[in-house]
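What Swiss-Prot says about this protein:
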| type | residues | note |
| --- | --- | --- |
| BINDING | E208, D292, C396, N399 | Ca(2+) 1 binding site |
| BINDING | H341, H345, H351 | Zn(2+) binding site |
| BINDING | N414, F416, E418, E421, D424 | Ca(2+) 2 binding site |
| BINDING | D473, L474, E476, D488 | Ca(2+) 3 binding site |
| DISULFID | C316-C396 | disulfide bond |
| DISULFID | C356-C380 | disulfide bond |
| DISULFID | C412-C441 | disulfide bond |
| DISULFID | C423-C436 | disulfide bond |
| DISULFID | C435-C456 | disulfide bond |
| DISULFID | C447-C453 | disulfide bond |
| DISULFID | C472-C504 | disulfide bond |
| DISULFID | C497-C509 | disulfide bond |
| DISULFID | C541-C575 | disulfide bond |
| DISULFID | C544-C554 | disulfide bond |
| DISULFID | C561-C599 | disulfide bond |
| DISULFID | C593-C604 | disulfide bond |
| DOMAIN | 205-401 | domain 'Peptidase M12B' |
| DOMAIN | 409-493 | domain 'Disintegrin' |
| CARBOHYD | N282 | N-linked glycosylation site |
| CARBOHYD | N548 | N-linked glycosylation site |
| CARBOHYD | N570 | N-linked glycosylation site |
| SIGNAL | 1-20 | signal peptide |
Amino acid sequence: MIEVLLVTICFTVFPYQGSSIILESGNVNDYEVVYPQKVPALPKGGVQNPQPETKYEDTMQYEFHVNGEPVVLHLERNKGLFSEDYTETHYAPDGREITTSPPVQDHCYYHGYIQNEADSSAAISACDGLKGHFKHRGETYFIEPLKLSNSESHAIYKDEHVEKEDEIPKICGVTQTTSESDEPIEKISQLTNTPEQDRYLQVKKYIELYVVVDNRMYRNYNSNRDAINERVYEMVNTLNVMYRPLNFFIALIGLEIWSNQDEINIEPEVAVTLRSFGEWRNTTLLPRKRNDNAQLLTGIDFNGATVGLAYVGTLCRPTQSVAVIQDHSKRTSMVASTMAHELGHNLGINHDSASCNCNAGPCIMSATISNQPLSEFSSCSVQEHQRYLLRVRPQCILNKPLSTDIVTPPVCGNYFVERGEECDCGSPQDCQDACCNAATCKLQHDCDSGECCEQCKFKKAGAECRAAKDDCDLPESCTGQSAECPTDSFQRNGHPCQNNQGYCYNGKCPIMTNQCIALKGPGVNVSPDECFTLKQNDPECGFCRIENGTKIPCAEKDKMCGKLLCQEGNATCICFPTTDDPDYGMVEPGTKCGDGKVCINRQCVDVQTAY
């Protein structure tokens, strides 16, 4: 029996108060020096399947002192960092595309926490010494190896002691999108979700992320693909820590380096680059590599102080589930924070208003990118994110990677169901699952969990496992052959819903009033029909689509299918500003625009012929 090895390292600490040193993060004015000394710890319970010897342990612990106090940093390998079909792509000098599937099972990127501290977290690379950050007593500390010959010394320091690379505030290029005032947010927070909505929000969600590095950034790192790979791995590892509070798990499914030349025109005008990258994802990337979201890291200096841009509320869309980020700092944590910010826009989160705040430090969705990395989501962002998920329900985030898709050597007894295992309830001493054989990680009977599993056996065929949640949903029943409830199914498109106020469309009942509430908060209604007539030729509120930058007015019959108009108090004809997201503030597809008619492609057509 091979047991999981826990490693404890003791650090001798020598504070260097007031001294200065140049590290990878830049010039650090105050730091402590520690010398790791590896000490084997007592074996931990758990049964490990036979496997080849690995360079890095799955679980490690480090003991050291911070400000003279001993702490224990617990680390676990980020098992979800790479998807099984993770690939790396670069280009030969003659332009040939070269794609490989490198072995990433034995990687060196970890998440963790300080022992006995509930609010702690860590993201660490252990590839060549210890590099990353950890949160201790509400403060963030950074650690990295000191490049001294014949020495295992490391530096520990705070962000406040790192000299800023420049004093110019960095900004996001998304404009005219700000979280609503406190009043709507408070009203929303007081609303009670249905049990089905609560279940949906609590389900783990997954994003398979594809990262592209442009030619400028490649050359900025001396055309060293290994250096870029390590930098991107660190960024995505950190990105995961930031998104765990939202119950999102991000797996890197591909990394592409434009080593020969850029595959699109990358311009200083960030909106142009974003549009080109979205088109490239749709026409070139998706046909050869599946992904839920793609981000472009570029070495170009965007116009002004802008360092990133993304579409808002567009996750899973072929041309718009994208973001572009300037590699604006030597510090991976700073760029990772910008990646988190732009991904937040894709997830329907707008910029925080002045009334939004975070428990500690800056907020991720502040319009100004903070000089302090590793920020967190505000309560405003959480509310907006949940509202977006419940309104749009993007499907690509629910396809959890199979147990074979998350790459790691299988360990029976570590509570993770991995390749070759049917269940994993911990060690035989700890297992509380009567359906699982802890010694073999095999099921005793049919199943151990799932909506269609009862007392370790499949429920009989026909047993309802998911009730219809509304007029546009259908109930699901167990098949008798699986522990999982069948995939959610919906009423046919065009089925009347909500007392004939609308027609079902892709499992939802799109009604203009609900769309107004989603954008403005409770107490808002759709404008009267005369508003749509009055605003028909208004350049801001009366168009149906934008072609080559020109707003095309709606035809008379289609006036209810263009810009959404809402009523709030005495304001009867409110429309929403045009943003980089072409669908923001527009009437949703499938919305009822008359008796027996629905909006499709911004046109009001007969429901019988629409689907």
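Glycine too: its Cβ is placed from the backbone N, Cα and C atoms.
Shown here: features listed in Swiss-Prot, placed on the structure.
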residue: C396; record: Ca(2+) 1 binding site; contacts (Cβ under 8 Å, 6+ apart): I207, D292, L315, C316, S321
residue: C435; record: disulfide bond; contacts (Cβ under 8 Å, 6+ apart): C423, L443, Q444, H445, C447, D448, S449, C453, C456
residue: C436; record: disulfide bond; contacts (Cβ under 8 Å, 6+ apart): E422, C423, D424, C425, K442, L443, Q444, D448
residue: C472; record: disulfide bond; contacts (Cβ under 8 Å, 6+ apart): F490, Q491, H495, C497, C504, Y505, G507, K508, C509
residue: D473; record: Ca(2+) 3 binding site; contacts (Cβ under 8 Å, 6+ apart): D488, S489, F490, Q491, G507
residue: C599; record: disulfide bond; contacts (Cβ under 8 Å, 6+ apart): D558, M560, C561, V587, E588, P589, G590, T591, K592, C593, V605
residue: C604; record: disulfide bond; contacts (Cβ under 8 Å, 6+ apart): K557, D558, M560, C561, C593, G594, K597, V598
For E421 (Ca(2+) 2 binding site), the one of E476, N548, C575 that lies nearest, given that the recorded positions are compared by Cα: E476
Inter-residue Cα distance where the pair is H345 (Zn(2+) binding site) and C554 (disulfide bond), in Å: 28
Cα-nearest neighbour of C380 (disulfide bond) within the listed recorded positions, N282, H341, C412: H341
Candidate nearest C544 (disulfide bond) in space, where candidates are the binding-site residues E208, H345, H351, L474, E476 and distance is Cα-Cα: H345
DSSP-assigned states of the domain 'Disintegrin' (409-493) in counts, ordered helix, strand, coil: 0 helix, 15 strand, 70 coil
Integer average pLDDT (0 to 100) for the domain 'Peptidase M12B' (205-401): 90
C447 (disulfide bond): tally of other CB atoms within 10 A of its CB: 22
Ca(2+) 3 site, defined by D473, L474, E476, D488: further same-chain residues with Cβ within 8 Å of the Cβ centre: R466, A468, K469, P475, S489, F490
Nearest of the binding-site residues (E208, H341, H351, L474, E476) to C541 (disulfide bond), judged by Cα-Cα distance: H351
Where C356 (disulfide bond) falls in three-state DSSP terms: coil
Secondary structure at C604 (disulfide bond), reduced by DSSP to three states: strand
E208 (Ca(2+) 1 binding site) in three-state DSSP notation: strand
Per DSSP, three-state class assigned to C316 (disulfide bond): coil
Where H341 (Zn(2+) binding site) sits in the secondary structure, as DSSP reduces it to three classes: helix
Spatially closest candidate among E208, N282, C356, N548, C575, the listed recorded positions, to L474 (Ca(2+) 3 binding site) (Cα to Cα): E208
Nearest of the binding-site residues (E208, H341, H351) to C441 (disulfide bond), judged by Cα-Cα distance: E208
